[in-house]
């Protein structure tokens, strides 16, 4: 009888092609997602060595990082480097015969939104991409993580990857979340507790009642930021919600293949008695709407808190806090709700899905953004955009004073025209608040979609619960 195994153990074991004496393994890769920034050198490497893509049917490409989110982008991209990278992906996709969603295709969008949306991401798979937020796909019970450009070439050529196994970490969120608290608050709160190095060397399995109660889109948000917590990947065991989400998607199994897949997927859970190397437990009811105040995702506090002082920290974090406060232009003791906001960005692979847009629109309905506020919504894919327009969400955003954009990574990172100006302060639903992440000397506060919408209305960081519609009193 085999020893109890974790979900990570099971997926890993199912994909080991060969294991060396030192523990290094050759892993088979089921899905390879590709975008325009980390792939050009990899494809050129194939050309130079006369190789083909080993499994073009398992390789999916989409431009997202560099593409503008304004009309006319399918005919002209002004930035030369961005244009060259997008054109290179277009040519490489044609030359090597891989699946491709060009800018002109309504299915185009952020690669980590397109993959699940199209049914490419399935439970039990290994999924890689030259992008750190590949962990998103772990929401399906897939082992998904980012790889470097040389590894991109290796996977293109061999459909395998050389890896050493990580350790197992469990993050359990018990109980239920309170109203106004979201998946984004969960993942930021975990990072705030463990730090950005807390998951280093581990693959995290997220579990507990609060995780089970999340939708698939919420689970993707949680797993998306596993990398910000230092982990190699994040996983959530698949369940009936997972199967319902996947069923009927363009590239999901059909007929007898679906039944066979479903039988396998139902074995993908951590066995009773399986051992984790590290365990973190948080009570769901203790999580509040949160916001980052500094320049690291671990600099996170409940919106009801005040800006900390360097003296509140120890060791090397004292100087780090001092630098963060200086860069962010904040004063210790200042209420987080007193911090003025210039710009609001709703989008990214963390929070650019239809449920994220619904949550923001619910807060914005019938309201206007604060005077002078720059606010934009960037759907995560063309299909999300179309659905939001069909549901009337787009009109709510437009009526409130938001810009309604085309799909792309947009202001999550300063690699396209959507950027902050020096000193500009943004409430953002993205995943990183590093110095210059959204533009040189730009200041980023990470929040949930509802919190971003609240800040857009009031002009400052705001507790979304103060703007939520109170439930009707029972008769």
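Backbone N, Cα and C define each Cβ position, glycine as well.
The structure displayed is predicted, hence computed values, not measured ones.
Site annotation for [4Fe-4S] cluster in Swiss-Prot covers 409, 412, and the matching candidate from 223, 349 is 349.
Taking the Cβ of residue 412 ([4Fe-4S] cluster binding site) as reference, residues of its chain lying under 8 Å away and at least six apart in sequence are, in sequence order, 345, 347, 348, 349, 350, 428, 430, 431, 432, 437, 438.
One way to see the shell of the [4Fe-4S] cluster site is to take the Cβ centroid of 349, 409, 412; the remaining same-chain residues with a Cβ within 8 Å of it are 64, 65, 110, 133, 347, 348, 350, 352, 380, 408, 410, 413, 430, 431.
For residue 409 ([4Fe-4S] cluster binding site), the Cβ neighbour count at a 10 Å cut-off comes to 30, with all displayed protein chains included.
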